[in-house]
């Protein structure tokens, strides 16, 4: 049996680990709520844009919603395990955190390896959306209009892409290509934006890659901190139980 002074030294360590892990778990739980909210928002507001990336990209909001739900449940479990000071529950919590970390790592590697395929897929789908543009409420046409209006661009590579479409032959450039709100007649190339949307979208994405990489690295480090804290607290509780015996 360990001496009373030894047990007294171990207790503050456990209390400290519990406090820090509870704070971590609360932040982790909040990230789950944010992911859930982003997933729902993406499903409601951004589904059209995802459809231009890839047909399977429309499942991204569901993935975010599912991930957020899992994190909320796991965070709740982690909070319960920490409050109960259960060694086996904390080990299970650390194992789940490790699993999430590995999934995130694989997703990051896959995204990096297939980034050129994603770029080509977006270009092909955007070209298809421009050729089939009808301005009658079609979800892809609506996405094209929003991108062109927001980025002040026109066509895929430039405004000339529209001249090969049925819409241009019937009505001219769509209103979203106009430099001003009213650019009638809409066949006047001087009154529409010249730069293509594909180039602008890729420029924005590439310029933000550093930020995305930094956030991903930060999230990964955050996961490792949680794994470390849960493991250390589990060890401290187990050692303390042995000392009491």
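Here the Cβ of each residue, glycine as well, is placed from N, Cα and C on the backbone.
Unlike curated entries, TrEMBL annotations are predicted automatically.
Cβ neighbours of residue 154 (disulfide bond) (same chain, under 8 Å, six or more residues apart in sequence): 148, 162, 173, 176, 177, 192, 193, 194, 195, 196, 197. Per TrEMBL, the feature disulfide bond maps to 154-178.
According to TrEMBL, the feature transmembrane segment maps to 21-42 (among others).
If you look up TrEMBL, you'll see 62-80 (among others) marked as transmembrane segment. Below 8 angstroms of C-beta separation, residues 21-22, 25-26, 28-29, 31-40, 42-43, 89, 92-93, 96-97, 100, 226, 230 of the same chain, each at least six residues beyond the ends of the transmembrane segment (62-80), sit close to that stretch.
Sequence-distant neighbours of the transmembrane segment (92-114) (same chain, 6+ residues past either end, Cβ-Cβ under 8 Å): 70-71, 74, 77-78, 81, 216, 219-220, 223-224, 226-227, 230-231, 234. Annotation comment: TrEMBL describes 92-114 (among others) as transmembrane segment.
The transmembrane segment annotation in TrEMBL covers 210-233 (among others).
Of all Cβ atoms in the shown protein chains, 20 besides its own fall within 10 Å of the Cβ of residue 178 (disulfide bond).
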